[in-house]
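Q: Below: one structure in structure tokens.
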Amino acid sequence: IEENYNMNFPLFIFLLCFVLTFILRIPIALGMLMSSIYYFALAPGPATGLQMAATQFLTQLNVKFILIAVPLFVFAAKVMNTGKVTEMVFIFANTLVGKWRGGMGHVNVVASIIFSGMTGSAVADASGLGIMEIEAMRKHGYEDSFSCAITAASATIGPIFPPSIPMVFYAMLSGASIGNLFLGGMAPGILIGLALMVYIAYIAKKRNYPRGEKYTLKEFIRNIAIAFPALLTPVILLGGIYSGIVTPTEAGALAGFYAVIISFFV
């Protein structure tokens, strides 16, 4: 009985302190810290609480090292949105499919697929590239409702197409191979993009949306050359991961570094 009391009393104090911090509107991080200090101070045995904290810290640091990839990919996406990368991607997509009927809608989808291969984030796509896409579609006479719908739908490819940030979390929780998860996300991402483009082609014909500008061979090559540094990003990231040269976490750091280089020096 005494042993159970010694084990349960610190836990009771921890929960009590944690609830009190909520009632007193103390910031969550500070409340967790205060409650944990009380628990470690009252835990039975010599330095039991501190030993537990050290063990958990080292264990979780090893297991969750892969999570470092998440802020790195978020940083890369932010740099790409504020730099020239989104513009490069848009130029390439417009050169590739802009001449089709409803071209700006197709450009929207293709650009989102490419950008997804750089960031793995729907928010980054919608907040950066999406603004540019909606403005371009508006200038070409597309309704705002259609433009926003296509932008939102194409942005959802981000969490599916590698390097997907949600897949990083899933790999950490399940122990699955993140390389295999990334590989498995490529086909669904491309299929979703193709389905959206089929729908856009149908709506464009029905509503008689305009075709985009046709480029000469010289202009086509020039635009590809302009966008080439940005197009290398998914090749470097995914190629590095699948070849085993870099881990997903290292790929995130590489994405951030490369985004800085092409945004400010290219």
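Cβ coordinates are placed from backbone N, Cα and C, and glycine is handled just like the others.
Here TrEMBL flags 16-265 as domain 'TRAP C4-dicarboxylate transport system permease DctM subunit'. Annotation comment: TrEMBL describes 12-40, 61-80, 144-161, 181-203, 224-242 as transmembrane segment.
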Q: List, by number or range, the same-chain residues at least 6 past the transmembrane segment (224-242) whose CB is under 8 A from its CB atoms?
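A: Beyond its ends, the transmembrane segment (224-242) has Cβ neighbours at 80, 84-85, 88-89, 91-92, 95, 114, 117-118, 162-163, 178-179, 182-183, 248, 250-251, 254-255, 258-259, 262, 266.
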Q: Short question: which residues 6 or more past the ends of the transmembrane segment (181-203) have a Cβ under 8 Å from it?
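A: Those are 100-102, 105-106, 109-110, 112-113, 116, 146, 150, 153-154, 156-157, 160-164, 167, 170-171, 209, 238, 241-242, 248, in sequence order.
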Q: What is the pLDDT of the domain 'TRAP C4-dicarboxylate transport system permease DctM subunit' (16-265) when averaged and given as a whole number?
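A: Across the domain 'TRAP C4-dicarboxylate transport system permease DctM subunit' (16-265), the average pLDDT comes out at 82.
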